[in-house]
Amino acid sequence: MSDEEHHFESKADAGASKTYPQQAGTIRKNGYIVIKNRPCKVVEVSTSKTGKHGHAKCHFVAIDIFTAKKLEDIVPSSHNCDVPHVNRTDYQLIDISEDGFVSLLTDSGDTKDDLKLPTDDSLLKQIKEGFAEGKDLVVSVMSAMGEEQICALKDIGPK
């Protein structure tokens, strides 16, 4: 055997995959699926039985969880689909910078400064108005496949 040591570059995550495989026939409405390399929430599933030697097919209609675009896919029900690991984390809002980035407080007491304000107009307006009024706001951040976006807002009372 060789005596040389192997050096591996360390990654921020533990080499965990951004998605995991799941059989198409087991994915249900309100579940998640990857369509055209985008993480999506399934809004409609229909299964069709096909001919004598064909496969049953699943027709998915899903909405991208970050851009809200509607995507569709048809997959044989026995095949595997990619399902994204979707996490939702709550952070307290500390500050909104002039360039559209937010400063958030994590549970460990650190700050997270790499998130932009959401593109959704009503949510953006709620965050800016609540912050201007000096309310204590908690934002929910949805993360999947290396992307993060603010998806909801909670008011935990005045400062």
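Positions of Cβ are set from backbone N, Cα and C atoms, glycine also.
TrEMBL labels come from automatic prediction, so no person has curated them.
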Suppose you had to name the range TrEMBL annotates as region 'Disordered'; which of 1-21, 106-126 would you pick? 1-21
Considering every residue in the domain 'Translation initiation factor 5A C-terminal' (85-154), what is the mean pLDDT value? 87
